[in-house]
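Colleague: Please find one structure pasted underneath; my questions will follow.
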Amino acid sequence: MQALQSSSLRASPPNPLRLPSNRQSHQLITNARPLRRQQRSFISASASTVSAPKRETDPKKRVVITGMGLVSVFGNDVDAYYEKLLSGESGISLIDRFDASKFPTRFGGQIRGFSSEGYIDGKNERRLDDCLKYCIVAGKKALESANLGGDKLNTIDKRKAGVLVGTGMGGLTVFSEGVQNLIEKGHRRISPFFIPYAITNMGSALLAIDLGLMGPNYSISTACATSNYCFYAAANHIRRGEADMMIAGGTEAAIIPIGLGGFVACRALSQRNDDPQTASRPWDKARDGFVMGEGAGVLVMESLEHAMKRGAPIVAEYLGGAVNCDAHHMTDPRADGLGVSSCIERCLEDAGVSPEEVNYINAHATSTLAGDLAEINAIKKVFKSTSGIKINATKSMIGHCLGAAGGLEAIATVKAINTGWLHPSINQFNPEQAVDFDTVPNEKKQHEVDVAISNSFGFGGHNSVVAFSAFKP
């Protein structure tokens, strides 16, 4: 979420978690192409093994993905979500949740028909902010996908199972309503749930309370880089032996008047009200800002040892990640891409992956004037040859889901690995000349993914990159 023209205030760099560098050698093996439409995948990198960096081999430190859950503008089912993406369908429409007629931007990736039935009881359904509802539903669906739904969760050591689901904005509806009650009716009319349901850590807390998970539990809030920060931190808890399993990702529900108005005030949003479905057009010369989205994307991450011991359905492997800061500007990215390129390089180092092994990038690609090209410049610094790499933009269809963006995009990345199909970047009408990658324009493409990276960047100059591949024993 970068690329505004604002004041020259400088952001301070974050203090990211650092992973211990206890690495062992790993011999890469090339396998056949995966079966299409299956959750399990056994692709591996096809690059030469002679000079490849060292990958983790210790099953206690290898981190695998065993479950995925989401709430999205395309519904709450992972397979249905990816089918919509593959078909190139736009989830963007005019906002009808409130009267947006006086806003210069009147559209977004608004979720409709959401139901938490079977996941949240009626009393909490009425009280909870949508941000919290999305977190709980996506988290429980991820556990079901990991074969840990219901009583099956009692088969693991809950003292070593944690939750790390972040959010950029927190319970914005609850916060907005609390302020309105204070102004209009006085402090006595503020709900006792105002503070608990507005703070950013409550999604992780409520999910853990509901499920009895006593492992590491907190949230990270780094704007639109939030989900990837959570994946990175969760994996490090596993690698350090502090957890066997982590539920990690992001959640967001900011399509309300104060959320829309705030981003309008930042001059961040597209104003293509006459044609909302073509408004999110990353890398297109006519792009005019990002489109707000909402939802949640959550992964179940486990040590390989723990997953194998319980016979878990392994859908991919988390190879590594990195986080850093541009230390440049509150909202604008560095034009030279140095922060992002450094983050990508550190991610590959952490993953034990050479640049030549990466052949798919799920880009941050928000459809902003400065941000899209800054990311491309950064990618070119790391990957000297662009011919073998395909890049796509999930946000072209679902909008920018802020703190949940990386979670929903990680799921799209894993599905690309599993299926051998990349979803298109839609609304590619007149691409920037500098974008000489294959952006999978307007139509899906079949592509065997060796190693994928997923980029997420946020206000404050927060950069995050995570790497995935098919799991291979």
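Backbone N, Cα and C atoms are what each Cβ position is placed from, and that goes for glycine too.
For reference, Swiss-Prot lists these features for the protein:
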type	residues	note
ACT_SITE	Cys224	active site, for beta-ketoacyl synthase activity
ACT_SITE	His364	active site, for beta-ketoacyl synthase activity
ACT_SITE	His400	active site, for beta-ketoacyl synthase activity
COMPBIAS	1-10	compositional bias 'Polar residues'
DOMAIN	60-470	domain 'Ketosynthase family 3 (KS3)'
REGION	1-26	region 'Disordered'
TRANSIT	1-46	transit peptide
Colleague: Looking only at the domain 'Ketosynthase family 3 (KS3)' (60-470), report the model's average pLDDT.
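Modeller: That region's mean pLDDT is 97.
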Colleague: For a quick check of understanding: among the active-site residues His364, His400, which residue's Cβ has the most other Cβ atoms within 10 Å?
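Modeller: When each Cβ's neighbours within 10 Å are tallied, His364 tops the list.
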Colleague: Which whole-number value in Å describes the distance between the Cα atoms of Cys224 (active site, for beta-ketoacyl synthase activity) and His364 (active site, for beta-ketoacyl synthase activity)?
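Modeller: Distance between the two Cα atoms comes out at 9 Å.
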Colleague: Between the Cα atoms of His364 (active site, for beta-ketoacyl synthase activity) and His400 (active site, for beta-ketoacyl synthase activity), what distance do you get, rounded to the nearest Å?
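Modeller: Answer for this pair: 9 Å between alpha carbons.
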Colleague: Going by DSSP, is Cys224 (active site, for beta-ketoacyl synthase activity) part of a helix, a strand, or coil?
Modeller: helix
Colleague: For a quick check of packing: other C-beta atoms within 10 Å of the C-beta of Cys224 (active site, for beta-ketoacyl synthase activity), how many?
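Modeller: I count 29 other Cβ atoms within 10 Å of it.
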